[in-house]
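J.: Have a look at this one.
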Amino acid sequence: MSKNYHIAVLPGDGIGPEVMTQALKVLNAVRNRFAMRITTSHYDVGGAAIDNHGQPLPPATVEGCEQADAVLFGSVGGPKWEHLPPDQQPERGALLPLRKRFKLFSNLRPAKLYQGLEAFCPLRADIAANGFDILCVRELTGGIYFGQPKGREGSGQYEKAFDTEVYHRFEIERIARIAFESARKRRHKVTSIDKANVLQSSILWREIVNEIATEYPDVELAHMYIDNATMQLIKDPSQFDVLLCSNLFGDILSDECAMITGSMGMLPSASLNEQGFGLYEPAGGSAPDIAGKNIANPIAQILSLALLLRYSLDADDAACAIERAINRALEEGIRTGDLARGAAAVSTDEMGDIIARYVAEGV
């Protein structure tokens with residue numbers, strides 16, 4: 001008998017609800033094809049929760065997430081709520097507390113250039129022609145964003161500001177294992193990013209990554225300085241499989257990886273804790289300017305579902321089925337407006353229907 005799974009669904013604001021609808025169509029196709037027992041419950045979050053409950057992250061939403069095996073998150077935010085104090089706005093008041101509550105220490109951001117979308121890549125045509133499929137694994141809870149001491153002091157010419165880059169052994173060990181385990185499901189290569197020629201924290205990072213690598217003899221390990229990595233991503237992104245990054249370096253490189261794909265509407269992300277519980281969401285924003293027009297690209301949300309199946313439900317076959325369905329749709333020239341460039345475009349609903357059908361048919 002298959003295991004019972006439960007997913008907390010948080011559609012959010014802007015295009016969130018309409019792209020989430022498409023992901024749930026695909027989930028239904030997965031359930032039927034793979035005989036998976038998956039239930040869902042919907043909860044308000046972000047601006048929708050402010051409107052309905054007076055706060056961006058109501059207790060009922062937190063409780064619903066606690067009872068789930070994973071969270072499928074849409075997007076939050078919009079001009080309607082920008083007048084609120086920063087900690088009460090949808091982004092800071094919902095997403096950051098969820099990450100803290102569930103101790104989500106690792107962020108996974110795939111960046112793939114799909115066949116047929118090379119023209120959207122801002123790199124030279126000969127580089128784009130090689131394609132790329134990169135997974136950026138970023139540590140989320142340590143490093144310079146959280147290290148102490150930090151602050152400002154002094155005045156006049158002696159005024160100064162300071163931050164502290166701090167990493168503990170356990171933080172490096174656990175994010176390194178995420179990267180190596182991910183590489184085992186991909187092309188068996190990890191490139192660890194640091195600045196070990198200057199920073200003590202990076203020296204420790206490199207030492208510990210080397211130690212963890214001995215547990216994965218089937219995975220190739222390379223080290224690269226952050227400044228060189230930013231250049232190599234532009235020069236030849238196809239050389240990379242899994243990028244292992246600290247919080248700061250991952251923040252930079254994951255956005256660079258996203259940019260060279262040419263479309264934020266294609267980029268999912270996952271944030272995981274040590275127990276495998278995860279929050280899965282598109283990398284783009286709520287796009288309130290196109291909300292409700294049935295023109296948003298739902299692929300990032302659907303790919304976020306694929307990540308959920310792979311990392312939290314250990315259903316790699318189902319995740320691969322979704323990815324193959326998306327590949328087929330794109331190979332056939334099926335595009336939403338953001339990718340059409342003057343050609344005929346399908347609606348949000350139509351793209352969801354097509355991908356769900358391809359999953360059901362086992363393309």
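Every residue gets a Cβ built from N, Cα and C, even glycine.
The model shown is predicted, which means the values in this text are computed figures rather than measured ones.
Sharing the feature lines straight out of Swiss-Prot:
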{"type": "BINDING", "residues": "78-91, 285-297", "note": "NAD(+) binding site"}
{"type": "BINDING", "residues": "Arg99, Arg109, Arg138, Asp227", "note": "substrate binding site"}
{"type": "SITE", "residues": "Tyr145", "note": "site 'Important for catalysis'"}
{"type": "SITE", "residues": "Lys195", "note": "site 'Important for catalysis'"}
{"type": "BINDING", "residues": "Asp227, Asp251, Asp255", "note": "Mg(2+) binding site"}
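Distances, neighbours, how buried they are, the whole picture for these features please.
T.: Using a 10 Å Cβ-Cβ cutoff, Ala287 (NAD(+) binding site) registers 23 neighbours.
Taking a C-beta cut-off of under 8 angstroms and a sequence separation of 6 or more, Asp227 (substrate binding site) has the following same-chain neighbours: Lys195. Secondary structure from DSSP puts Asp227 (substrate binding site) in a helix.
For Tyr145 (site 'Important for catalysis'), the same-chain residues that are 6 or more apart in sequence and have a Cβ closer than 8 Å to its Cβ are Asn247, Leu248.
All chains included, 18 other C-beta atoms sit within 10 angstroms of the C-beta of Lys195 (site 'Important for catalysis').
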J.: Only counting partners 6 or more residues apart, tell me which same-chain residues put their Cβ under 8 Å from the Cβ of Asp255 (Mg(2+) binding site).
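T.: Listed in sequence order: nothing, so none.
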J.: Out of Glu82, Pro90, Arg138, Ala287, Ala291, give those binding-site residues positioned within 10 angstroms of Asp251 (Mg(2+) binding site), comparing C-alpha atoms, in sequence order.
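T.: Matched binding-site residues: Arg138, sequence order.
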J.: Pick the one among the binding-site residues Arg99, Arg109, Arg138 whose Cβ has the fewest other Cβ atoms within 10 Å in this structure.
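T.: It is Arg99 that, of the binding-site residues Arg99, Arg109, Arg138, has the fewest other Cβ atoms within 10 Å.
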J.: Provide the number of Cβ atoms within 10 Å of the Cβ of Pro90 (NAD(+) binding site), excluding the reference atom itself.
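T.: Its Cβ has 27 other Cβ atoms within 10 Å.
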J.: In whole Å, could you give the widest CA to CA gap in the substrate site formed by Arg99, Arg109, Arg138, Asp227?
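T.: Output for substrate binders Arg99, Arg109, Arg138, Asp227: max Cα distance 29 Å.
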J.: Within 8 Å of the Cβ centre of Asp227, Asp251, Asp255, which other residues of the chain have their Cβ, at the recorded Mg(2+) site?
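T.: What remains near the Cβ centre is Ile226, Thr230, Leu248, Phe249, Gly250, Ile252, Leu253, Ser254, Glu256.
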